[in-house]
């Protein structure tokens, strides 16, 4: 189906006749939930109890075996203090690896035996009927507007092709603070609304509570009119097939509050993004199937590409503000985990649908961009430590919090483990051992380890890390259709080797970045809310050197320290040291954009691109004018329909509260009143003043009056809502 947008010459009044900027209010109460009291909720019976017992027992047995072997390595001459530290760190890290391995093994098994969805979704069955009213919500914050709207429109066209489009309404919920982005969003909305009804746009003047507050604001204003809502990210694309199927599953299962799909990374252009794309495509389904199998009705929510029962969300997921100062207090950052836990506490089932195809997202183009996003997630996940003791949570929900915290604490733990290992070697090499301590002892203390057993422990640990990759590869190779979708068995095998090599090089650097993030958070540094970079990944050389100086210096220090101790220690630490020493060249290599189709690490979406992704590109090109101005005020002055739409949309902004003064708006009013011309006033206004002017109808009209030819039109424009 061709991408369709409004003709550029069509007046905005025609668009307003087809679709109001916002629908009529349908308020729905969303009370803040208490963490100190457990609500009364119906019990949820899950068939996953025996599955969880199996997973936990297998993890415990595997962990005990690994820890015992490590103890045997260290106890040859008695456990010293440093060896005790190493043993404790190893126990925690090995248990983490063991749980991941057992869960992946479960995923391999259930996919081999044939996955059966707990909510009855049939990926290849006939298209089900849907009678419920569904809202598609796209929260956005300072993103590239033409691309964001193109993704939404491509998703909409795919839904319309199923014949179920009448059940869906479409909302763009903007929290953008950049004036140019704000006006560009309105321009794109006007283009699409001219030919498509049930498309709505709302801009919040104050982005209270960030994304979670954006969704909560919509629920409280419009949620009463809808049965379900689908949350998208700015980089999300979903096919109509998957949307209709998860909506039908929600109708069939009245006690299900949320179904999370498995988003597949697409549109990767840099080598780093391609590694993430390939890894997610080949390993992701098996890992997700394993977690879905034993999480059951206590699965998790990842914040996007998921369908939610609006009444359940409103009644159970109102987020409280955490006591204390940032970064651990204040607004809950990683809200998705918490919302899922609260909904499950409220008696609603939370499910993951790992086998549905047609749910897509994109990946940061570079390791630095990935680390910047990871920094926010790290703070949000560590914040969950305050929620572990919340009353009434299911133990699996608490486990989600623990695993989220552990995902970041394991980085400094691995680093501490490496440092402790070096110190033990230094102690053995340079410190004269005290064979006979001051206290009475019948036997001397020999600082010694068992090198042969240590090698076996290392090999076993590496096996647990690598074997899931091989199992996922095996799943592809034994299925002829899947093998062809990845480009053939040989290319897939080569892709796994290349992905493993690049991941091994970047993992030590990510360990340093995550360790730094944890330390910063513990020192009280807040991550803020930065714009997600989704470009081509190009980073200036000076910035690369500056940002990767710490990992490189750490690698050099480790290399020198290990070399001074012994060659065997240096060889033992080579995988980590090489990754750190090559941090800068690997960073430059992995941010390069490849224009040609790659030979290795290809995914099904690259071999046979879905039509919906091609539509995104076509729509984005049509929504982006060739001579677009970046000045939002000039855009309003030169475009009558855009000006009318903006003034109409301001009618939906909440009125200013008496006694609350916006200093930027007050400054703008003084500057505008003092100016003798539009160009003079516009030149005096800074970005914050421009944003304040754009959000105040009266002040904006005073500025437009100065533009002469637009004066009467600007003043005479009335909101159509």
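Residue numbering: from 1, along the chain as shown.
Each Cβ is built from the backbone N, Cα and C atoms, and glycine gets one as well.
Looking up the ranges 359-379, 380-400, 527-547, 548-568 in Swiss-Prot, the one annotated as transmembrane segment turns out to be 548-568. Cross-referencing 317-337, 338-358, 569-589, 590-610 with Swiss-Prot places the feature transmembrane segment at 569-589.
Recorded stretches compared: 85-105, 404-424, 458-478; the one with the most Cβ pairs under 8 Å to the transmembrane segment (569-589) is 404-424. Counting residues 6+ beyond its ends, the transmembrane segment (548-568) has Cβ neighbours under 8 Å at 418, 422, 425-426, 429, 508-509, 512-513, 516, 576-581, 583-584, 587 in the same chain. Proximity of distant same-chain residues to the transmembrane segment (493-513), defined by a Cβ-Cβ separation under 8 Å and at least 6 residues beyond the stretch ends, is recorded for 271-272, 275, 278-279, 282, 367, 370-371, 374, 411, 414-415, 466, 469-470, 473, 477, 486, 548, 550-551, 554-555, 575-580, 582-583, 586-587, 590, 599-602. For the transmembrane segment (404-424), the partner stretch with the highest count of Cβ pairs under 8 angstroms, out of 54-74, 85-105, 458-478, is 85-105.
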